[in-house]
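Colleague: So TrEMBL has the following annotated:
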DOMAIN    B:95-304  domain 'ABC transmembrane type-1'
TRANSMEM  B:101-122  transmembrane segment
TRANSMEM  B:134-161  transmembrane segment
TRANSMEM  B:181-199  transmembrane segment
TRANSMEM  B:285-307  transmembrane segment
Amino acid sequence: MAPSPILARASARSDANTNPALAAPVAEIRDLQVGFRTDEGGFNVLDGVSFTVRTGRTLCLVGESGCGKSVTALSIMGLLAPNAIVGHGEILLDGTNLLDLSRKELNERRGDRMAMIFQEPMTSLNPVLTIGDQIVEGIRRHRPVGRAEAERHAVEMLKRVRIPAPEQRMGDYPHQLSGGMRQRVMIAMALANDPRLLIADEPTTALDVTIQAQILDLIKTLQDETGTAVLLITHDLGVVAEVGDDVAVMYAGRIVEQASVTDLFADPQHPYTLGLLSSIPRLDSEIGRLPTIRGSVPAPADMPSGCRFSTRCPFADDHCRTEEPPLADLSPGHAVACWKAPLEVRAA
Amino acid sequence: MLAYMARRLAVSIPTLLLISMMVFSLQLLLPGDPALAIAGEERSPEVLAAIREMYHLNDPVPVQYWHWLTGVLSGDMGQSIRSRMPVTELIMTKLPVTLQLATMAMIIALAIGIPAGIVSAVRKGTAWDVGANVVALSGISIPNFWLGIMLIMLVSVQWGLLPASGYASPLEDLSRNLQTMIMPAFVLGTGIAAIMMRHTRSAMLSSLRADYVRTARAKGLSERVVVLRHALRNALIPVVTLGTLQLGELLSGAVLTEQIFTIPGFGKLVVDAVFNRDYAVVQGVVLFTGTAFILMNLLADMLYFLLNPRLRA
């Protein structure tokens with residue numbers, strides 16, 4: 001098998017990062033279960049999700065739409081819809097369980113020690129407030145500084161996210177800026193208080209391809225400058241290869257495989273990860289149908305027993321369909337939730 | 001902005017002309033000879049002929065309209081048949097009374113409607129929400145005249161707390177003025193408060209769901225700041241527009257309320273004029289109200305423009 005271009009990029013990146021395990025954990029999610037209450041009853045969206053985001057490193061959370069990536073991010077920020085219920089688990093930020101905090105204590109951390117960038121830059125900024133007001137407000141909420149000082153800092157942040165003529169942009173309203181510029185403003189706002197953890201939920205999905213690369217680059221550069229831990233949510237394995245250090249693959253509310261980016265691309269173990277990797281179009285392969293994973297993600301209210309991927313897995317047997325596989329270490333730093341691991345058959 | 005206003009004003013002119021034509025044709029459509037009404041008891045043919053001559057009643061209708069329109073444009077809306085006072089002067093003396101009533105009603109409507117709308121949106125599905133909705137529905141459903149009569153019976157007759165009538169000018173006796181105005185203002189304001197509450201609620205519900213509210217929460221802002229600064233600022237745009245349109249509504253709503261509480265305002269002027277077949281006054285008042293309505297619409301448009309940065313650019 002010829003090395004895919006994505007894989008080549010991934011190994012180039014990860015080689016640059018040394019001592020991954022020594023980096024201090026910033027956020028630790030442990031056995032998180034989140035459900036939603038509806039008129040028809042309740043169902044779980046996340047079931048026993050665990051992962052760790054470390055200082056200066058980027059953890060990519062990958063999976064199909066509806067697998068629970070965004071719910072995970074919103075749970076950390078405490079931004080879940082009112083009908084969401086956190087069943088059990090812990091969300092530790094620098095050792096403090098956020099789930100134990102009062103609304104006021106959580107508010108002291110949101111926008112300060114942890115911050116979030118959303119998928120939709122077009123609607124995430126308030127249309128009736130100026131860019132400057134929206135950044136300044138976040139700074140003054142967490143820093144005992146006057147308006148002038150906060151404005152200076154806001155201009156500085158706009159400069160850091162490479163917005164031209166930042167002084168003039170301060171008085172602009174969001175509609176006067178393009179999508180890419182608005183996402184830069186969101187990043188400036190999120191990083192204004194120098195957070196320990198930055199959550200980016202599909203930050204480039206809504207943007208043009210050329211702008212996507214710029215935004216990812218920017219996040220990476222700023223992370224190198226500040227050492228912020230980044231949790232990057234994406235469905236795009238190209239993005240993972242580009243900016244990720246570690247990856248957690250999510251399927252139907254569970255983490256099915258977790259590894260460094262290099263390991264995951266070089267030696268994918270979960271059949272679902274294999275499916276995801278083989279459905280990336282390649283320039284060097286023969287013309288034909290793009291491989292897909294058959295079937296579709298089961299609905300949260302209608303989860304299969306045993307392994308949740310068993311309904312779509314080419315390797316599944318009765319054991320898979322009756323008993324749920326735990327997420328177990330296969331080698332140091334590479335964990336898989338599959339009875340068949342290590343896989344001996346490699347999917348074409 | 002200036003170009004926009006100029007365009008809106010230009011569009012208003014045909015509307016105003018149309019109103020003026022309809023107002024003018026009122027007297028043609030109404031039964032009875034205006035000359036007879038003007039003459040009163042003196043109905044000798046000579047007097048009637050003189051009156052017809054004086055008021056151009058023998059001219060063709062378009063010429064009559066032209067005479068009337070040029071008069072109106074120079075501020076002369078004719079004379080009251082009853083009081084012989086110029087209609088313009090009558091309107092100008094009665095208007096402040098109604099304006100005071102309408103302003104007080106609007107303040108009451110805003111003071112009740114907007115906070116109630118916010119609370120019921122923020123506490124959606126709770127007893128607060130249900131309570132506010134029940135009150136709002138009653139506010140919309142209960143007719144002004146019934147509420148007015150009930151309040152007079154309870155507050156004035158049973159409890160003797162406020163006078164049921166006996167208007168005094170605020171310049172003469174402010175306390176008496178407020179005592180007589182508060183009940184009618186409340187009656188007039190409740191209906192509007194209910195409408196404002198419903199609109200505030202739905203506008204708030206949609207802006208509370210907006211992405212920018214989630215961003216505001218992600219910044220760690222307190223719920224009060226999130227609701228009042230981020231959600232309400234956006235929700236108020238349609239509500240303010242609606243409120244301005246309701247000001248026009250208040251002018252017509254005042255007709256009944258002023259009648260019930262015997263307040264000598266605009267509404268009472270028009271009702272008396274109708275009963276007395278005082279055409280000139282009816283025409284004047286209707287034309288004035290129509291114009292005011294159009295101006296309110298224009299004002300609403302401009303406010304919407306000013307409040308919404310997306311349009312301002």
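Cβ coordinates are placed from backbone N, Cα and C, and glycine is handled just like the others.
Note: TrEMBL annotation is automatic and uncurated.
In the displayed structure, how are the listed features positioned relative to their neighbours?
Modeller: Proximity of distant same-chain residues to the transmembrane segment (B:181-199), defined by a Cβ-Cβ separation under 8 Å and at least 6 residues beyond the stretch ends, is recorded for 100-102, 104-114, 116-117, 120, 132, 135-140, 142, 144, 147-148, 151-152, 155-156, 162, 164, 167, 238-239, 242-243, 246, 249-250, 253-254, 257-258, 260-261, 263.
Among residues of the same chain six or more beyond the transmembrane segment (B:285-307), those with a C-beta under 8 A of the stretch's C-beta atoms are 1, 4-5, 8-9, 12, 15-16, 19-20, 23, 26, 72, 77, 91, 236-238, 240-242, 244-245, 247-248, 251-252, 266, 269-270, 273.
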Colleague: Near the transmembrane segment (B:134-161), which same-chain residues lie under 8 Å Cβ to Cβ, leaving out any that are not at least 6 residues past its ends?
Modeller: 116, 183-184, 186-188, 190-191, 193-195, 197-198, 253, 256-257, 260-261
